Amino acid sequence: MDDKKENRMVIEAEVPMGTVHPAALEPYRLRLFVEDEIVRDAEMTVGVNHRGVERIMEGLPVEKANSLTEKICGICSNIHIWNSCRVAETALEIDVPERAIYIRVIMGELERLHSHLLYLAHGSEVLGHETFSMRIFYIRETIMDLLEMIGGNRVQYGSAVLGGVRPRCELDEMRIKKLTAGMDLVEEKLTAFADRFVSDPMVMSRITGVGVTSQKDALRLACSGPTLRATGVKSDLRTEMFEYYPFDFEVITQDDGDVKSQLLMRVFENFEAIKIIRQAIRDLPDGPITNRSWEMQDTPITKSYIEAPRGTLYHSYALEDGRVRNCVIRTPSMANIGAMQYSAIGHHITDAQLCVVQCDPCFTCTDRAIEIIKL
Amino acid sequence: MDLIYSVIAVIGTLVVAFIVSLFLPGIERKFIHARIQQRVGPPITSPGVMAPLKFFFKQTITPESSMPRLYNALPIISLIVVVILLLFLIPEMYFLGALASVIALIGFLKVEEVMYMFMGSLSRSVMSVRMPFPDKAKGAAHPETPQSFFEDLSSLRAFRLIAFGSFPLYIALFVAVARTGSIYLQDIINYQQVHGPILFSVAGVLGAIVFFIGYMILLNEYPFSILKGKPDVIEGPYMEYAARYRAYVYITRGFLMFTLATLFSTLFLGIAPNILNPSFIITLIVALLFPMFMAVLSAFSPIFTYKQFYPTVAGVSIIGVLAIVAALL
């Protein structure tokens with residue numbers, strides 16, 4: 001992995017960026033060690049936005065704790081509450097109705113769409129291409145409207161509750177029609193955008209061969225999600241999640257591990273998300289959306305892993321008198337920080353933020369994780 | 001009578017140039033950028049008129065510079081240089097001889113470029129090194145490495161732009177010199193009044209393309225805005241300008257846009273800026289068209305790094321040399 005770091009590394013100066021920087025949507029410190037504007041080493045520090053959500057969750061009734069997890073992330077709020085409910089549902093052996101599972105999958109994939117589109121827009125902005133950024137935001141608006149239609153909000157639209165989904169997230173005929181039309185529209189616009197994007201020589205020149213993380217290094221750095229798949233590793237937790245068993249979809253991979261692969265990776269994943277949503281709408285089963293017949297009991301620490309838009313999301317907690325104990329949450333960006341630092345090495349300093357952004361960081365989520373270092 | 005005519009021509013041209021230049025940034029952003037990006041955009045007066053006006057009445061701050069007064073004075077010096085540049089383009093000033101020549105104009109443009117270098121080297125904003133953060137905490141990587149401000153990078157880039165970035169613009173200026181055989185603006189205009197505009201020749205077309213790229217580089221517009229790119233150095237040399245000094249930065253940029261367009265119409269169309277001459281309308285049209293073309297190109301381009309910048313400048317410079325050869329032939 002140290003092949004990028006030369007044996008006789010010359011570091012002329014350190015250029016610190018952040019914690020406030022217009023290319024970074026969230027607060028973090030990026031120290032770039034440069035030689036004639038070429039990054040020789042990088043160090044990233046997060047923690048400025050620490051909120052201690054796990055500590056706040058300690059002792060809360062499980063229903064309240066679940067709704068609090070939705071506040072962890074402003075982008076993938078739904079996946080957090082879904083995974084948190086999964087922990088309790090697994091521990092308490094609650095059967096979730098099939099219709100509720102389908103609605104959860106629809107919401108999860110809509111969230112993946114909006115998260116990936118946000119990523120593409122932010123990536124375009126860091127490239128300096130505001131027009132592409134604006135156009136992606138326009139496409140994303142359709143998804144945001146659909147999320148608002150189902151979940152009631154544009155940001156905190158989480159649908160999952162213990163045993164199913166919230167009553168207002170029920171999909172009636174009108175909503176299904178809107179969903180179908182929305183998917184057609186997004187697919188059409190995204191296809192046009194992707195064609196335009198890959199045929200732009202200036203954009204391709206900026207992103208091809210930049211920020212490369214090899215497959216070997218991505219595995220060593222324990223990357224997850226699309227960041228790992230963009231290096232050619234076919235790893236997607238959705239293939240192991242029982243909720244996704246009924247759906248037919250491809251696990252998208254790219255070979256090069258550079259910014260181009262990362263961006264295209266998300267574009268192609270969006271088409272797969274649309275495919276899953278269409279299948280879910282077509283095969284949506286009848287029946288209740290919530291199972292209320294379960295009893296609270298004390299449980300040991302139970303774990304749940306789920307494929308969030310950025311990678312593997314981990315939640316675990318124990319239940320004691322209906323209250324949450326020993327909660328631990330690990331977000332995908334924590335696993336991808338290594339790749340963010342590493343991929344910037346050897347590239348021009350202007351590309352450094354692009355190398356960070358290509359791994360789709362979400363430090364608002366990550367900053368509530370606690371790392372205990374044994375001294 | 002001649003003296004009064006000359007004074008009116010000079011002052012009138014400068015005043016009209018000043019007024020038009022205030023609207024150029026608004027036209028660029030409202031009618032091109034915003035339309036391409038399918039959004040409403042700011043009011044046309046906002047970027048060029050209302051923003052400087054607002055900044056003039058804001059409370060200023062003392063920048064964290066080793067020489068804050070000099071740092072604050074640089075935009076004013078820059079504005080003066082651009083005004084002088086336009087002044088020597090007005091036909092009534094051609095009696096000054098060598099000062100109304102292509103060589104003198106290049107000298108003034110160089111001064112303008114050097115300003116960015118000084119601004120960068122004198123600025124010490126809070127956005128990088130001065131941001132309160134425990135960088136040197138236990139376990140930090142390379143704790144002994146000297147820290148560098150963003151503006152230092154900008155200053156270094158400004159130096160590089162002086163060295164190679166302005167090639168296209170200066171080569172384009174010499175297309176007119178090669179064609180007319182004179183460095184004096186009076187001779188260049190006289191030649192075109194007899195033989196027609198240089199623009200309507202092969203050399204002229206090539207030269208115009210090269211001039212346009214040089215125009216964008218000098219104005220630090222996307223994709224050539226390495227001096228003040230948002231992905232790394234943010235505002236670069238301008239980072240610490242506040243209140244009226246930032247207003248001067250905005251005004252200077254608008255004025256430079258107008259002046260460079262005027263320079264183009266003088267050298268490639270043979271039309272010198274003079275408000276009392278009806279052909280001044282063509283100068284105004286050129287001044288409007290240049291920001292529009294620039295906005296279209298910048299709206300569809302990502303920011304360049306050196307990897308794209310060097311080949312672009314080299315390629316455009318070669319076209320410029322071909323234009324000079326064509327002009328000589």
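Positions of Cβ are set from backbone N, Cα and C atoms, glycine also.
Those TrEMBL annotations? Automatic predictions, nothing curated.
Per TrEMBL, these features apply:
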type    : residues                   : note
BINDING : A:Glu54, A:Ile329          : Mg(2+) binding site
BINDING : A:Cys73, A:Cys76, A:Cys362 : Ni(2+) binding site
BINDING : A:Cys76, A:Cys365          : Fe cation binding site
DOMAIN  : A:127-296                  : domain 'NADH-quinone oxidoreductase subunit D'
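Sequence features, as recorded in TrEMBL, placed on the structure.
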residue	record	DSSP (3 states)
A:Glu54	Mg(2+) binding site	helix
A:Cys73	Ni(2+) binding site	coil
A:Ile329	Mg(2+) binding site	strand
A:Cys362	Ni(2+) binding site	coil
Quick one: pull the CA-CA distance for A:Glu54 (Mg(2+) binding site) versus A:Cys362 (Ni(2+) binding site), whole Å only.
17
Confidence over the domain 'NADH-quinone oxidoreductase subunit D' (A:127-296), expressed as mean pLDDT on the 0 to 100 scale, is 95
Would you mind reading off the Cα separation of A:Cys365 (Fe cation binding site) from A:Cys73 (Ni(2+) binding site), to the nearest angstrom?
5
Across every protein chain in view, the count of C-beta atoms other than its own within 10 A of the C-beta of A:Cys365 (Fe cation binding site) is 28
For the C-alpha pair, I'd like the distance in angstrom between A:Cys362 (Ni(2+) binding site) and A:Ile329 (Mg(2+) binding site), rounded off.
14
What is the Cβ neighbour count of A:Cys73 (Ni(2+) binding site) at a 10 Å cut-off, with all protein chains included?
25
About how far apart, in whole Å, are the alpha carbons (Cα) of A:Cys73 (Ni(2+) binding site) and A:Ile329 (Mg(2+) binding site)?
12
Whole-number Å distance between the CA of A:Cys76 (Ni(2+) binding site) and the CA of A:Ile329 (Mg(2+) binding site)?
14
Counting every protein chain present, what is the number of Cβ atoms, excluding its own, within 10 Å of the Cβ of A:Ile329 (Mg(2+) binding site)?
24
